[in-house]
Structure formats: C-alpha cells, structure tokens
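Have a look at the structure below, then the notes.
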C-alpha cells in the first residue's frame, strides 16, 4: 500500500476542500488511472462499495450489489445463477469491463460480455466502479465503464456466517485471516450457497417449452491468499480461488432431442505479484492464470454426453504497472500482456484458438492551481485485428471553493469475441467496435449535501451485428446514447441518504429505435439509520419501461415492458460484541415484473442470517 502521507503530498488535495474531508483508506481509488489516488482527485464519476456496505444491504449476489449503483441497469433471465446482462449508461453488456483484482474476468473472453450471476459475492471485499470510457487505460471493453472487484481482505480474525431464506435458500461461510509471524498474513475463505429457486419462465406464450419445475442454484467456493512484507518498500502476494456452480434453467425443447437445461461451471484463478513502494515511485508486477470449464447438458445424459456443450478457456496475464510523483500529480505507465486459449467447440467455434494482446499505456494527472488535468493514451497490438489506439482527456475547474466543473472526452473500443470471429457464422475480417464519448459535469458540497450532475453522449460505430440474409457477423451497427446522471448523499441527524437518478436515451442510430432491455429512467434511494443498536435500512428502486423481443411470434415482435417500483427492508442487531443477527425482506410489496421478456423474477423473499466473529 502507498503511504497516505505520500499520496496527500503528491496530489495537494487540500485545494479540494469540499471533497478532501475524508482521508480514510476507503477514499483511495486505484482503478480510475491504475495508480492510487484520493477519490477527490478522480475526475470521472466513481462509486466505492465496501464489504460493510454489502453486509448492511445483505446482498446474496453480485448483481444485487451492482443494481443499487448509479447508471447500472441489470436484465436477468430469472433468479440466482441465471444469465444476466449489465448495462452501464445504456451501453451493451459487452461494453462493460469487469476486473477481478485488476485482471480481466476470464469468462468474458468466450461470450464477449461479463455475466456476474456466477461470481460468488462471498469473495467480494470491495468494488471500485468507474463510469465512462476507460479503454485508454485498460484496452478493449471499457466503453460504458469499469467494475473492479477486489478480493483482498483486511480484517484480522475469524468470522462464521449462516443464513436461510425463501425458496429453501441456505448459505454457510467461514473466513479467517491470521498473522504468520510479524511480516506474513494468511487468508482463507470457504462458502456454500444453495437455493431451490423458482420456475423462471413466465406463464403464457413466450416461445418456451412448458417446464413446471424449480430452477435452482448451487455454489461452492474456496479462496486462499498469502501476503508477505519483505521490507519497508518491498512486498509480495500469492492467492488463488475457485468455484464450482450448478444452475438449472428452462430451455427450448425439440422433440426427440435431449433437453439441455443444466449448467455446470468450474472456474479457478491464481495470481502472484511483487510490489515496490518508494517515496516517489511505485511499481507492481503481477502474473495470473485462470481456467474455466462451462458445461451445458441434459442431466439425464450427463455433461460428458455428445449432446452436451463445453466452453473451456485458459487465460494468462502479465501486468507491469508503474507510477511516479511529478509536480502536483502523477504519471503512470505500464504494459499488459494477455493470452487466451480455447478448446474446440468453445463458443460454437469448431477449432481451438489462441489470441494474444499486448497493450502499452501512459496516464497523467496534474493539479495546477484551481485546475485538475488528466490524460491517458494506449496502444494495443492484437494477434487478430492488429494495432488499435485510444486516448482520453479530462479537465476539472474549481471555479468557487467547493464547486467544480468537469469536461471530458474519450475514445474506446470493443474487440470482437471468438464466436464472432471463428464460429459457424463468424467473420475473421471483423474490426473492433469504436466509441467516442463526451461528458460535462458539475459537482459540489452544498449545505452538507455532496452532489454531482452529469450529461453525456456516446456514439458507437462499427457495432457487430448478425446479418440474417448473409448469415454472418458484420460491422454494420451504430448506437447513439444520450443521458443525464444525478447523484447525492447527505445526512439528516441519524439518517444517511444516498440518491441517484438516471435518464438514458439509448438508440439504434440507424433505425432510431430504443436499444433492448434498458430502462429509460431509473431512480434509486438508500436510507440507513441506527435506533437503539438496531441498524435499519430501506432501499427503493424505480425501473422505467423497457423494450424486448417476443420470439413466440414469427416474425418476432417488439414488446414494451412496464416500469416497476421495488422496496427492500433490512435490519441488523448486535446481540453481543461477537454475534450479529440480520434479517431482510426483498421486494417488500411482492411486485410482479420482468427485466427479460418471458422470464419471471422472484417476488417477495425473506432471509435471516447470523455472523459470529472471534
């Protein structure tokens, strides 16, 4: 970790009087520019979620955490473990870069988009969420934003947790962190989660085979980490985790053919790193390996039957990141190397393929009086489509003490996935999707209210669409996204309020029709308070209407799904200094709604849990 005093000196954050009041570790951000900096110095909109937030919200999935955040819209085909799409500021789910401890999520390489319905929430210790373009820093996918899930734990001791709930939900978790001598720390986490689920396919003509069954989810997770401090300036770590998930779902059925309605996912990841932390220079070298095997099969025949499908991918990464204090700011530079290897049949690609990418980036941030300037540039050399460059720049002006205006522009891109390149309908001549984004924002601190209002536009060209007539993928799509985002947080006595509002006009720029499964308006509100040691929380979420396709009709038709207001209620009580009991009612008023046409949501659900620390 970079020493806090060094950071404060480097950025002279005392100039930002409205935003520099809190200097706790939770206000330091690494994801925005790939070097640690106070959140007040980040010009892009950023949200930080801590483990304490997740426990207070009593979230049982990563999707439940993310749906509370500004700009995030999630469409899911049912309940726990079912396929989901994350839309940030109206962009495609493939335009969201998901990192695990700064490393690209392995499963995104197969489909081209990250589905976090399978990732265990028990591993999440912190989330850094950046909105807007970040390809100039991270490369492909970072068009709508970046979600960095951090698993590093900083909570010595042992915690046992057990929970039960609706639909036969069960969760058992043990985590421990212990010192092994003066300079070594070990962490171990084990987690088991199970739910019988519910029948995810909605009743009525949806084009699906009627399967009146429960679609359950089972997940087993193991995590281990070892950290060692060699000296005041040198430290290192090694960690690994794996999870074994089984998901039941409803699928299309053809008479005389096996019914493929079960998913089995094995995933493991390992990484090791070495850090140097000088007074003015910081450097980190990280090497990682991940391997996933994703089966879809008929349980009557098993996952090794010829009717089953297997998506198998190995991913190798090496990252070298550096930053140096220059003037009143930092300059960062680094190299990313990645290799993805697939087996034959993965993503319906007949042959196995290797894809390599080497990226070189440069970032800089300077504070000049009342102005903060930020810029980044990156060049990627890909074994498939060659070299591609991106850049971005931002400027912030504190025109009155406590009030700042921010303007930014950035380019970003999305590389074609393996299925689009080499699948049965693939096109090896595809080019990356390209984006240009503009944003203007005001932020300030007024009468104890910390607020930000942003307006943005995103033009995406060369989008990869499937051509029904030519039966191939081509770069023929365009999207135009305009939006307004407003956020605020404040306290009134014992009450803590967090509010956000999003207006997103995401359209196909060729046909001028709305992009599917996105709400045009979203409003979110979180209220927390303590009364006589009871920690209460109320969550409100309004999701506006959205459009989707009805495939039960031929040709398929576009349907409009209405908006919905959802309420959650949580409470926690510390029975002793070691034992805490928690309860939650999700979807308090049992609203019936869909985010994917034809797929039901859970309705009202109850959970009760307890945790014991020692």
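Keep in mind that glycine also has a Cβ here, set from the backbone N, Cα and C atoms.
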Looking at the Ca(2+) 2 binding annotation from Swiss-Prot, with 213, 215, 249, 250 already listed, which candidate in 232, 261 is the matching residue?
261
Per Swiss-Prot, which of 199, 244 sits in the Ca(2+) 1 site along with 211, 213, 215, 250?
199
Could you tell me which of the ranges 263-277, 338-352 is annotated in Swiss-Prot as transmembrane segment?
263-277
Using a Cβ cut-off under 8 Å, which residues of the same chain at least 6 positions beyond either end of the transmembrane segment (449-458) come close to it?
18-19, 45, 89-91, 132, 143-144, 435-443, 479-490
Should residue 215 (Ca(2+) 2 binding site) be counted as helix, strand, or coil on the basis of DSSP?
strand
Spatially closest candidate among 213, 215, 249, 250, 261, the listed binding-site residues, to residue 551 (cyanocob(III)alamin binding site) (Cα to Cα):
250
From 85, 92, 309, 517, the binding-site residues whose CA lies within 10 Å of that of residue 261 (Ca(2+) 2 binding site):
none
Spatial neighbours of residue 92 (cyanocob(III)alamin binding site) that are distant in sequence (at least 6 apart) but have CB under 8 A:
113, 143, 144, 414, 479, 515
Could you tell me the C-alpha distance between residue 309 (cyanocob(III)alamin binding site) and residue 215 (Ca(2+) 2 binding site) in angstrom, no decimals?
19
What's the most sparsely packed of the binding-site residues 249, 551, counting other C-beta atoms within 10 A?
551
